[in-house]
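Q: Mind having a look at this structure? Questions to follow.
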Ligand code: ANZ
Ligand code: ZN
């Protein structure tokens, strides 16, 4: 037997697969299709990270399994290559971002290939390729034509260090997500996309997709649909009303004052009558320096000023109440004004305490001297003439009807979701394909002139005025109006990095099409994506944006399904050995190249899948890598144990059927670690027996192949199992052969039986633990405690010791 040398066999098989185009997707539309998608990487200068390899291996496994099952599989890869890091690197080192991208892509591609992923490289795409971004621009123009893109003066979040406007989503804790610098507000004319028009559909259509529940919730929370009432408060002595948005009209009798946002137009309108207008202006100035995030932080000490000279009248009891200005009310939500009910809203409560405003309890249930009572599930209305004695929900219903009947209010749905700020004042992005003409306004560049290429510039540095560097290229900016032929100017803003990734999965279906973004026939065949796996960090924005674009393309007849992704799962992160995030600054980043070189790609792949539950974050462990390498060494030695025979060994029959079932199911449900564990168990049985048939080995190799494709192909050839492994079909198991004895197993917690669970007599401890943890009584007894010991006697008892 030759020694196991991954470096030789891995290259060898990668070349064979490539030459034979084994993983190239066929255009045979008679076959059932399977479209597996992983998030295409940003080709950064740091190269591939072991964190990338985890989701890629996972869907590589599923894709390989599907090919064995006779599917036409699309498993593509590409580059999300526009964006800031590349541009910043280019500025610093004075290299064109195109060159930087080219170099980084080459590095990523070499790394990905070395790991043996079964991507169809003939469909590689790159968002910075003009043949690609032509269609990104085309989609933008279609949106513009449908009124979904508009330009508006917007207070934006401005990062003074990156010199870039950021979307709300890119501001984390008041700071720039990229560089950590504190974000300031600046007003700019920006292109906006009307994603809000799709808010309801983006929530409602989640019903028909198979996403992790947590991912659905993130989408829903981000959109933040809120049903309430817009109620009009008369302004005392004026023929004017102040409108508020409230989700709690039942608390109207408890409204003891009003609050308007510092930017509210009421202030300007009545400036002459407001006695303390200077004080208010001062406060406006103070508030303008804060971000929305800071303003709405709960723990923040409340600030505000009473408007002297204006009062509002509560429509339910005609009481006159004061109007305050405070920055905890945002102009960008609802009507920019609220009725304050300190007894039942936390912020109002704090504000009232600080400024000594009256607190009137209207829902009985808590102690409003101590804190606001916000529960809507229990409590009865008091001090509220029209609705006394009702529960909150009934009261809301009744008072809403009353308000509507009197013309004092209307039911209203609000959303947290804002329109998408789509302009960036940077170089390395898709030029927004519009021209401004004094006569015709904004005019799209005609389709036959697309793409609008990024012009060459001397300097990619954004200007301090906040203009894109493109604004300095007079030759490029000055053009003629496509409509009237007069002089006109090009838009110099570029698109955000989110643009190219909003539709990339469509392009993979037909990546070389130069007449349309993809042919209808191919889109109809391949869509929706059957399985999309990505990071938990992309379950709000990227997912929302791409669903929005997809729905728009559905509306204009480009795609035939309403949702782009049938199923969306997420992987956990790979952390450093000491459980912290891997980062350059900590010096704990593991380079996949090193693992491939030292242990082999198959070891890397096996380890990445064996490392822990796929959806959880787990620390890297070099020892774990070594363990996986040892497993593969033992697999390698199977070649010396094989005897002829096209049936299973008698002693192994049940185990093999069981393993086929287990592995087949686990690969489908992200339980790659337990699938590998089952294969390890089977390998142990092989070793116990000391001799296996070719048929035993055949099945073992096919099952392991999706995880460790190189070593399994090589063994297949060495043992001469016929043809090549990748040409085989996925094995079937026989349910009759794996009937097991089912028993009721008592589970003890600290020596006392706390529940009985149904298990198979030879279920291993992990399986029993899993089942025990789903038992309510047992869960209750261990909740909040640490498991310090487990005693397991198969078929008899399982005892958990907790502290
Ligand atoms: C009176 C009230 C009484 C409220 C009560 C809550 C509890 P969501 O669910 O987020 O939509 N609100 C409305 N507009 C606001 C703005 N521009 N800035 C800050 N707060 C605003 O929350 C809606 C509630 O948030 C509204 O209902 C309003 O306070 C406040 F016991 O009105 B409520
Ligand atoms: Zn014109």
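Glycine is no exception: its Cβ is also placed from the backbone N, Cα and C atoms.
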Q: So which range, 581-585, 586-590, 591-595, gets flagged motif ''KMSKS' region' in TrEMBL?
A: 581-585
Q: What residues, ordered by sequence, lie under 8 A Cβ-to-Cβ from residue 584 (ATP binding site) and sit at least six positions away in the same chain?
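A: Result: 46.
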Q: Per DSSP, what is the residue count of the domain 'Methionyl/Leucyl tRNA synthetase' (40-187) in each of helix, strand and coil?
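A: Counts, helix then strand then coil: 69 helix, 30 strand, 49 coil.
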Q: For the domain 'Aminoacyl-tRNA synthetase class Ia' (416-607), I need the partner stretch with the highest count of C-beta pairs below 8 angstroms, choosing only from 40-187, 221-404, 653-767.
A: 40-187
Q: Just to confirm my parser: what is the rounded mean pLDDT across the domain 'Leucyl-tRNA synthetase editing' (221-404)?
A: 95
